[in-house]
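Marked as active site, proton acceptor by TrEMBL: Asp132. Annotation comment: TrEMBL describes Arg134 as active site, nucleophile. For Arg55, Val56, His57, Ser58, Glu59, Gln76, Glu98, Gly99, Arg100, Thr120, Thr155, Lys160, the entry in TrEMBL reads GTP binding site. Summarising the annotation, TrEMBL assigns Zn(2+) binding site to Cys60, Cys71, Cys73. Residues annotated as domain 'GTP cyclohydrolase II' in TrEMBL: 12-176.
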Amino acid sequence: MSDSASTRLLTRAAETKLPTPFAEFRLVGFVDRAGKEHVALVLGDVTTDTPVLARVHSECLTGDALFSQRCDCGPQLEAAMRKVAQAGRGVIAYLRQEGRGIGLINKIRAYAEQDKGLDTVEANEILGFAPDAREYDIAADMFAQLGVKSIRLMTNNPKKIAALRELGVDVVERIPHRTEGTPHNENYLKTKSQKFGHML
Ligand SMILES: Nc1nc2c(ncn2[C@@H]2O[C@H](COP(=O)(O)OP(=O)(O)OP(=O)(O)O)[C@@H](O)[C@H]2O)c(=O)[nH]1
Ligand SMILES: [Zn+2]
């Protein structure tokens, strides 16, 4: 993976240890060119040739921190942290691309549209947004700066794999990353698989 300073989108800004119920991670903070702050949770030596267990997780305040059952983000984050802890080695790139890139307030607006019967894609569109506005160049730069050479990616999203490969990330394997559904996220998961091609 490319690590030339001229292509860097992120400044590696701070680092500490992060004890969690699953493992004590290294927490590495990055700042992008727009001033947005992102983090990587790192465990073990991720610079060797053995492919690194990895998750590229997009921020979801409602799911990651507020236990929302509208989506599967919280359980996916926890499962990723557990799997990395179990493996003793891995990286979780936590990208601040809330609401698939439209931001928190717009995601709340999109949820309000879904309360009226639209699905997650239609709700974005009626608000004038692309269904998925995320970009993964920041994750690619994070992996490069962390010295990661290749990854085994925990995801159900084929577009995420394609986008990362396009950016030069060597994704050698996909690890399915399903979680138990709830009555509240059944339709959301169905739409993800029908309209985004998620392998659920
Ligand atoms: N705009 C919008 N964003 C949502 C909605 N539900 C979840 N999100 C955001 O979607 C992102 C997570 O994407 P997902 O589609 O759940 O999963 P993924 O990252 O594409 O794929 P996986 O790697 O398999 O988890 C987070 O940024 C969430 O905040 C929604 O209804 N509308
Ligand atoms: Zn979510």
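Heads up, the Cβ atoms here are built off N, Cα and C, so glycines get one too.
Just so you know, TrEMBL annotations never went through curation; they're auto-generated.
Positions of the features from TrEMBL, shown on the structure.
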| residue | record | Cβ contacts under 8 Å, 6 or more apart |
| --- | --- | --- |
| Arg55 | GTP binding site | Gln76, Leu77, Ala80, Val84, Gly90, Val91, Ile92, Ala93, Leu153, Met154, Thr155, His177 |
| His57 | GTP binding site | Asp64, Cys73, Gln76, Leu77, Ala80, Ile92, Ala93, Tyr94, Leu95 |
| Glu59 | GTP binding site | Tyr94, Leu95, Arg96, Gln97, Glu98 |
| Cys60 | Zn(2+) binding site | Ser68, Cys71, Cys73, Gly74, Glu98, Gly99 |
| Arg100 | GTP binding site | Ser58, Lys107, Asn124, Pro131, Asp132, Ala133, Arg134 |
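Listed binding-site residues: Cys60, Cys71, Glu98. Those with a CB atom under 6 Å from ligand 2: Cys60, Cys71. Averaged over the domain 'GTP cyclohydrolase II' (12-176), the predicted model reaches a pLDDT of 97. DSSP classifies the residue listed as 'active site, proton acceptor' as coil under the three-state reduction. The recorded positions near ligand 1, defined by a Cβ under 6 Å from one of its atoms, are Cys60, Glu98, Thr155, chosen from Arg55, His57, Cys60, Glu98, Asp132, Thr155. Largest CA to CA distance in the GTP binding set (Arg55, Val56, His57, Ser58, Glu59, Gln76, Glu98, Gly99, Arg100, Thr120, Thr155, Lys160): 23 Å, whole number.
Within 8 Å of the centroid of the Cβ atoms of Cys60, Cys71, Cys73, where the record puts Zn(2+), the same chain has further Cβ atoms from Thr62, Gly63, Asp64, Ser68, Arg70, Asp72, Gly74, Gln76.
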